[in-house]
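To start, the structure itself, in structure tokens.
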């Protein structure tokens, strides 16, 4: 099974507002950059979309280390999601899970792979995370012009 590193980031101008996401896939010496945007969204939705699209780009089952600077995504996928599913996608406060559509898509993609999750400090020393931030911000800016 291939070992892949997936680095993700999301950006939003306004929150809500125009947003962008990006993902970098690393396999051995290969590197692939992905990015996209939405006209009206939130930062959390873009963080989730980055992880979904990065995982979706993998055509076969892989061992994936997902690197994110989003504590929301990290805690959601590693800590909260099992409880949400048990409770019919309701939070501990008995309210519907925000961004449920994307959490379901992320769960679907994660289950295709052997995934581990790593948090990295944003805007710091992780070169690929900084590149993801640059791509996501650029995508959000381009979306805001259209």
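Including glycine, each Cβ sits where the backbone N, Cα and C put it.
Given the structure is predicted, the values throughout are model-derived calculations rather than measurements.
Per Swiss-Prot, the features are:
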- 9, 133: Mg(2+) 2 binding site (BINDING)
- 9, 47, 69: Mg(2+) 1 binding site (BINDING)
- 1-141: domain 'RNase H type-1' (DOMAIN)
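Each of the binding-site residues 47, 133 was scored by other CB atoms within 10 A of its CB, and the lowest score goes to 133.
Local packing around the Cβ, expressed as the count of other Cβ atoms within 10 angstroms, is greatest for 9 among the binding-site residues 9, 69. Rounded to a whole number, the C-alpha distance linking residue 133 (Mg(2+) 2 binding site) with residue 69 (Mg(2+) 1 binding site) is 10 angstrom.
Under the three-state DSSP scheme, residue 69 (Mg(2+) 1 binding site) falls in the coil class. Rounded to a whole number, the C-alpha distance linking residue 9 (Mg(2+) 2 binding site) with residue 47 (Mg(2+) 1 binding site) is 5 angstrom. The Mg(2+) 1 site, placed at the center of the C-beta atoms of 9, 47, 69, has further neighbours from the same chain whose C-beta lies within 8 angstroms: 8, 10, 46, 50, 68, 70, 73, 122, 129, 132, 133, 136. Secondary structure at residue 133 (Mg(2+) 2 binding site), as computed by DSSP, is helix.
In this structure, residue 47 (Mg(2+) 1 binding site) is part of a helix by DSSP.
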